[in-house]
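I have placed the structure first, in the form of structure tokens, so that the comments after it can refer back to it.
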Amino acid sequence: MALDVQSLLESLSDAPDVSQGPVLERVIWTLLAFSILIVALRFYAKIKEARRLFLDDYLMLIALAFAIAHAALTQVSVDAGLGRHIVYIPLGHLRRTMKYGVLSLLPGFLSPMFGRLSFSCTLLYLIDTDARIKSWPVYASIFMQAAINIIGVIVFYSQCGSEVDAFWTLEKQLRFDEICWNPRIQTDYGYFMGSWNTVTDVYLAVLPAILIHHTTMSLKRKVGVAALLCLSFLAMTSSIVKTYEAKVLSVFSDYTYSLCAYVIALSVELNVVIITASLPFLRPLVPKKWQTRHRPLPALHDIPIHQRTRQGHIPLSSGFTSKNHSRTNTIEMTSPISPMSPDAMGFQPAASGNWVLRSDHGAITVTTEVEVTYEKMEAPFLHAALVGLIQGEMMNPRLRRTVYSRENSRQSDAIMADNSIALLCNIYPASSEKQKRVLSLLQNGAKNYYRNPSSQCTTWSYMTPLSPPKDSSKLILSGLEIYTDKSALQQQINDKEFFQSYHNTAKSEQLYRQDEELVAWYFTSGFVVREGSEHATPFGSGNLISQTKFVCKDRKQVLETLGGFVPFVREKEPGVLTYAAFTRPKAPKEILLFVRYENKEAMMGHSKCKEHVDVVKKIIPQIENDMGKSTTMWLEIDESFVSSKAGGPGAGAKL
């Protein structure tokens, strides 16, 4: 509609000379300052925890840049008179007021669009940890969000053809009907665009709720995470208000005054989108002492299949039968070597100056159980960890924010001799170079000592973190050694050629940054090796390992629940090479679950099977500990072997 000067003057004859400019300035700059702060903290958290930014961060940076441009252009327009009734603005200032007011709408349209695209990208990362949620609706939403908003910008600024200055040139506004389209076209499209943005906000708020509902977190924690991820409802509210105010776009009358409400609504919307899409990533910055205690995290293998990634998740499993061998006796095993720090390792000095390993049914009392933390920097799980989703914290223990209990284990039936004893070792190399030295020594020992039947070692499996830590102060190696009985372990401790020589070398060369940690376990369920599959593991073959420790409310009940799963794994999942549960009598609730997979595909196949999901659903209520702190992923190293006979496949076996 063309500008009717006479009608305008009559309608504004009694209008006071007031300005909405100050209100506009306060709203725009206050919200923008808060947005800048939140985005800066978001980037700080990402760089601090992930050491890099991701696609959603760059999209958010673009959204913030447009928000700043919107505020700057609006400020120029306010300085020229925006917010005052048009009749009180000098003609010399009117053109400038209208020009920058109209131009400010361009970044005002694009900023929330990029903000929503950023959050959509974040959700793509998050749902990639949940195989039940399809990603194509999000991609469709992204496409429609971009297309509808870009078309909206084009419609608004092209409605007058090449004469864009018709928006701020008084002479052309008098002939607006001759130069431009019917303004109802762009107004109606503005309603449509606003409505679509509102629907998008609803979708972006509901989708995280579905994702959270699929997790195994407690209700309290679900509510807490939802409070961060479902904030798009606030953006939806601001979008509704902005859509309602779009009516002023077709009225060319007191434009400099009536446009203020729309600009304020636009500013609120774009800043709310930026803030709500960034707030979830500030969670790692909250001091841990402010965090509340939640129900313990379930084991990663206790997470339903719905929370498994389609592309990179390494699932864990659970399954043992219910036979319980709980015996108690005390033995002593002595060795003439001097460990690096007996007290720190939990060894008790013997009267002769030797050191003693005391065990309950052979369980070594070096029970300082290490929380192995390393970084799984895959984008989906990293984002899940940052916002507090359980599956992300499982893969990124370092990013865990809540306070939980310690690690654990339990018991069951066996395919091996009841007398066998396993030694779980965690080694902390002092540097990357010293780690190579440690690996070389270990592999040499495996080749020349452990792979001989005289070692009475049936399994020697050492491993490095699946995602090696970049920080040398967090280097770690882990290993599982299984011996035929306690006397075989004692024999290894007494061995001067390898065991004592290795530890003396480690001490003299200062290969460790801290003492290694050893815990004795007893094989009680599942299978360590499939019949006829005893083999060494060539380096790079792709064998992956998960170690899980957990605590149960009632061990017998849990074992009965899990007992029927082992036959399925054995018969239907040939890619699962080892599926073994170990227990410690001194920790009657504890279970160590040691699972080896042929490759990532085998892991994915295992995670998707219905039987596994059913077991998980039954076991979750029976678990009381924090499985996140007790789940680690590893890559098996060269010279490893897993067998049911001493020496494995033999020293001459082909690697």
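Cβ coordinates are placed from backbone N, Cα and C, and glycine is handled just like the others.
Summarising the annotation, TrEMBL assigns transmembrane segment to 27-45 (among others).
According to TrEMBL, the feature transmembrane segment maps to 57-78 (among others).
According to TrEMBL, the feature transmembrane segment maps to 98-126 (among others).
Per TrEMBL, the feature transmembrane segment maps to 138-158 (among others).
The transmembrane segment feature in TrEMBL is assigned to 191-211 (among others).
The annotation transmembrane segment is assigned in TrEMBL to 223-241 (among others).
Annotation comment: TrEMBL describes 261-282 (among others) as transmembrane segment.
Residues annotated as domain 'ABM' in TrEMBL: 542-633. If you average pLDDT over the domain 'ABM' (542-633) in this model, you get 81.
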Stretch-level contact, the transmembrane segment (261-282) and the transmembrane segment (57-78), CB cutoff 8 A, at least 3 pairs: yes
Long-range neighbours of the transmembrane segment (27-45), counting only residues six or more past its ends (CB under 8 A): 53, 57, 60-61, 64, 67-68, 70-71, 74-75, 263-264, 267-268, 271-272, 274-275, 278-279, 281-285, 386
Residues of the parent chain within Cβ reach of the transmembrane segment (138-158), under 8 Å, 6 or more residues beyond its termini: 105-106, 109-110, 113, 116-117, 120-121, 123-124, 127, 164, 185-186, 189-190, 192-193, 196-197, 200, 203-204, 207, 249
Intrachain neighbours beyond the transmembrane segment (98-126), with Cβ under 8 angstroms and 6 or more residues off its ends: 54-57, 59-60, 62-64, 66-67, 69-70, 73-74, 76-77, 80, 82, 135, 138-139, 141-142, 145-146, 149-150, 152-153, 156-157, 165, 167-168, 197, 200-201, 204, 207-208, 211, 229, 232, 235, 239, 255-256, 259, 263, 266-267, 269-270, 273-274, 276-277, 280, 379-380, 382-384, 387, 389
Helix-strand-coil residue split for the domain 'ABM' (542-633), DSSP-based: 41 helix, 33 strand, 18 coil
